[in-house]
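Below: one structure, written as structure tokens.
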Amino acid sequence: MSRLKDRAERREAGAAAPGRRRSRDTGRRMPGWEIALRYALLLAVLALTVGPFLWQLSTSLKGPHEDIFASPPSFLPEQPTFDNYARVAETIPVWDYALNSLTVAVVNVVANCAGAALAGYALARLRYRGRRAATLVFILAMLVPVEGIIIALFTTMRGLGLNDTLAGVVLPLSISALNVLLMRNAFLNLPYEVEEAAFVDGANVWQRFVRIALPSVKGTLAVVAILSFMGAWDDFLWPLIVLSDPQNFTLTIGLNYLHGTFADDERLVAAGTIIAVLPLVVLFACLQRYFFRGVGEGAVKG
Amino acid sequence: MTTPTTSPVSTPGKTAKRRAPGGRPPAGRPRGGRSRIRRQLPTSPWLFAAPGMLVAGAFSLYPFLSTVANSFTDRRALLPGSFVGLDNYREMLGDEMFWIGLRNSTLYVLGVVPALVILPLLLALLVEKQIPGITFFRSAFYTPVVASIVVVGLIWVWLLDERGLVNSMLEVVGAGPVGFLSDQWLLLLSAMAVTVWKGLGYYMIIYLAALGNVPRELHEAASVDGAGAVRRFLTVTVPAVRSTMVLVGALSSVAAFKVFSEVYLMAGPDGGPAGEDTTLVMLVQRTGTGLSGRVGYSAAISVVVFVVTVALMLLVLRADRKEDA
């Protein structure tokens, strides 16, 4: 039995990170000029993709007497200071906003992992009348574009008395249909025999789910967790509509507000954006594998 | 949980029968599992699926149906409204703002999709080869995907500012400041560039997975035949990843038509000078929110967004099938 489980885990791991599957060399040796050209191009793209973030970081560290509009531009702050981070906190309650974002993101992760695993297991494993209909519900829900239903979503939320609350922000994101279908696929890929054996041993549905099925799909669960965290932390349109009291803003909405109200001080806006982007960059640096894997699985479904 | 004691009596035969073909355990779960695992409390599957179905129903399907229904009413934010037939749609046809929104969202698809189908493929070819440090480059190229669209939007608002980095570098080479964020068309173009910039890494990863599946023999054969790099790209790589290109085309065109945040952040809530940069989803948001929000009219615009989104998907998928035939 444990061997079967190992196999399942390995299968899971094998499916991991499509981007990491080693691409094969064409067999010929690369001439020196080609290697040089490749690195030159890589560095150029690097400057283009990461450069803007670094420029923003540099701007956020520049002192009040530095000319941030200088031409030719000065890329490094001459009088580096964290003052702007303190000042952005005086202008808007940026740490409260960060806490709101964190709350929404964490609740979203927990709700999605639990809800999607449960529903995915039901769709993949349990035999019952109406399972196809239930699967169809999730497929249809996945196809509905959020952008088209935001106003109706807002009226629904107001009907529930949840507009302008963090619960209202997180509810529509919690248990996304895409995640349910991802979990369903993960469970479908597990060999059946393990659970059968557990069944013979007298394990009930809940025990089979928690002790056997769930530990075997940890990889997909991690993908769901990351997609949920990123989705909630980065979301803009929906919180923009459902939140109105600046007290309840999440970071993205707070930044938009900061930009709209205090646009003249670029150092402040820059500091705010760095606060918003840093946690995700760190998360990404630590868990790249699952981010890339999420792309593959999300795209095939989406 | 219903009496596992009874099953051993009936199952050994079945198990043997199921395993018979080739001795391989049955891969198919439904057939394989029917015998035993169905014996559970009949309510538990629904309990398992209930939270998910509740969310899907209440926050996707119900709002969708109510959007369609609202589009035939004159409902407002605080007034229930009544049935008005096709009035909203009729009004839409005469609404200049609607046409501006439709034009901009369509232009967005036309501008963004070709770039997002081709550039990430080239980028994937660049990072495909295992050379030292390539993992770092791949991750670095992915950073814009991880960042919130708000962060990305504000970074580029600052970069493209009248006195921002791009203009001060242009000044160095003697070019005058360009009003990236003040001219109607430049604004739309800049927003498209930002969308492409943010999407590059995402589609690069999709292409990278597809490139891993291109048989290396094809490249070798082409090399032996004396095909150069460009030739090999067109005759080997492109046909091999064609279905991925269609997928990327579908994903990016649907996303591009629904563009909101980039334009909202760069052009402002009102959509730039005289609202000329308003997109369709911005119009949905603007007409539907606020105390005087026209929920009914906004819903009619949403229905157009639905229809075009589905049409785009079908169009791309049909193009795929036609080329296959």
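Using the three backbone atoms N, Cα and C, a Cβ is placed for every residue, glycine included.
Automatic prediction, not curation, is the source of TrEMBL annotations.
Annotation comment: TrEMBL describes B:1-12 as compositional bias 'Low complexity'.
Per TrEMBL, the feature region 'Disordered' maps to B:1-37.
Long-range Cβ contacts of the transmembrane segment (B:46-65) within its own chain (Cβ-Cβ under 8 Å, at least 6 residues beyond either end) map to 306. Residues or ranges marked as transmembrane segment by TrEMBL: B:46-65 (among others).
Feature annotation from TrEMBL assigns domain 'ABC transmembrane type-1' to B:102-316.
If you look up TrEMBL, you'll see B:107-127 (among others) marked as transmembrane segment.
According to TrEMBL, the feature transmembrane segment maps to B:139-159 (among others).
Residues or ranges marked as transmembrane segment by TrEMBL: B:185-212 (among others).
Residues or ranges marked as transmembrane segment in TrEMBL: B:233-257 (among others). Within the same chain, residues 105-106, 108-109, 111-113, 116-117, 120-121, 125, 195, 199, 203, 206-207, 210-211, 213-215, 218-219, 222, 227, 280, 305, 308-309, 312-313, 316-317, 319-320, 323 sit at least 6 positions outside the transmembrane segment (B:233-257) and bring their C-beta atoms closer than 8 Å to a C-beta of that stretch.
Annotated transmembrane segment per TrEMBL: B:295-317 (among others), in sequence order.
If one looks beyond the transmembrane segment (B:107-127) by at least 6 residues along the same chain, the residues whose Cβ comes under 8 Å of a Cβ in the stretch are 134, 137-138, 141, 188-189, 191-192, 195-196, 199-208, 210-211, 233, 237, 241, 245, 248-249, 252-253, 256-257, 259, 279, 312.
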